[in-house]
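Here's the structure we're looking at; comments come further down.
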Amino acid sequence: MDDPRYGMCPLKGASGCPGAERSLLVQSYFEKGPLTFRDVAIEFSLEEWQCLDSAQQGLYRKVMLENYRNLVFLAGIALTKPDLITCLEQGKEPWNIKRHEMVAKPPVICSHFPQDLWAEQDIKDSFQEAILKKYGKYGHDNLQLQKGCKSVDECKVHKEHDNKLNQCLITTQSNIFQCDPSAKVFHTFSNSNRHKIRHTRKKPFKCKKCEKSFCMLLHLTQHKRFHITENSYQCKDCGKAFNWFSTLTTHRRIHTGEKPYKCEECGKAFNRSSHLTTHKIIHTGEKPYRCEECGKAFNRSSHLTTHKRIHTGVKPYKCTECGKAFNRSSHLTTHRIIHTGEKPYKCEECGKAFNQSSTLTTHKITHAGEKPYKCEECGKAFYRFSYLTKHKTSHTGEKFYKCEECGKGFNWSSALTKHKRIHTGEKPYKCEECGKAFNESSNLTTHKMIHTGEKPYKCDECGKAFNRSSQLTAHKMIHTGEKPYKCEECGKAFNRSSTLTKHKITHTGEKSYKWEECGKDFNQSLSLIKQNNSYWRETLQM
């Protein structure tokens, strides 16, 4: 029912109608008298409040706080904060004591709820209306309607004959409504009807604008406000608009840097209460979201959702360029850079650029020489956590990924993928400069340095530079005298794994290199080269 003083419903106006509608409301506001909080407020008795479920109570709190903020926004001045709002802000139950007493002794005048909030059917089904509806069956002799009203259902009811009316109201109030499936008892038509709808799971109330359905008219009415007040609240700093004043308030904290929600455990602050709630789980170690498939638990529902895709194989994020699909949006974003060739993350130390921030972070460690990830088994340290994880399998001997072609096992799927290229001969990484192709991207990156002459890995001790970090690591052992690669057969140690491999051949007698010219075998490629040179010298002298 539209408020006749303002020419439109108070709730719509208070929500901040777009453009001309808001201007018209402001004009009406000053011409026809101020709109008070009582005009847009709803109060409950304890009995009525307890009949609402938790979702309805939460919706009520949100709507009342929003109505008050809208009213302050409309008035443009500070208003005296109503007790109801103070109660809601403090998280207390907002039922009204005076109203509770009125319901205990049935009211002479029925409460008038704003139609735009509770809607037509909800108004008719309110607690007092239900009583009056029952009483209406016995005749309206004892009731006098307000001027201009057509029926009891439309208007406020005035007392004319106290005793008869009160007696009738007390009698009708004794009627209760019971739901057969759950034997739950209700004191109002509305709560009984709403409860029954939940058993049928029907959603009879449909939004004409977006076709979304609801089981309660109240929820539909609340939903409609999103369409009516679309982008009504605009941020003065960046121009971004929002449907809710509360959303704008939260957004403003990005500009102000305000973080009102502080963790009592560690002092870390957040700009949203939900972020604080999520953060607290770190301290408790709680992981309430568990995968039914494998039992793995997570502290965020979003993490569980992403994890489930491993089992289902769903990859909803597809690259429009090549058709490749991913189970995470972040993976798709990273993948797209392959097509663009963009490398936005640049190292300030050596100028090298990367397509991922995480790769740059890892790269920076090579300059610092820092190796924060240490193996508890042997003490070896790594500058990447993934390298440590991979290294640990050398102690366990675990190899999850097996090549179907040759039976060789690997502890990483990526290592198996690279290995398979040996059998297929695939070399997907091609140098644009000379056309040479490689089966690993890292080999192409190293190869490109031949053309550029770049040697980003420099020894702090002697200044010698290298184009591979592994070469620098091996070189540093010359200065430190470290020889980590030890022969189990004779105990001799070496500073390179390749040197140890060559040394082991002296014990096995293996000769891997054969010269096709004379059929002679050698245990080192260098010996083969020397023999080749000797052969040609002898040939030339003949």
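Cβ atoms here come from the backbone N, Cα and C positions, even for glycine.
Taken from Swiss-Prot, the feature domain 'KRAB' applies to 35-107. According to Swiss-Prot, the zinc finger annotation covers 177-199, 205-227, 233-255, 261-283, 289-311, 317-339, 345-367, 373-395, 401-423, 429-451, 457-479, 485-507, on the basis of sequence analysis.
Taking every listed stretch (261-283, 317-339, 373-395, 457-479) in turn, the largest tally of C-beta pairs under 8 A with the zinc finger (233-255) is reached by 261-283.
Most Cβ pairs within less than 8 Å of the zinc finger (317-339), among stretches 261-283, 345-367, 401-423, 429-451, belong to 345-367. Listed by sequence, the residues of this chain that lie at least six past the ends of the zinc finger (373-395) yet keep a Cβ under 8 A from its Cβ atoms are 362, 365-366, 411-412. For the zinc finger (429-451), the model's pLDDT averages out at 86.
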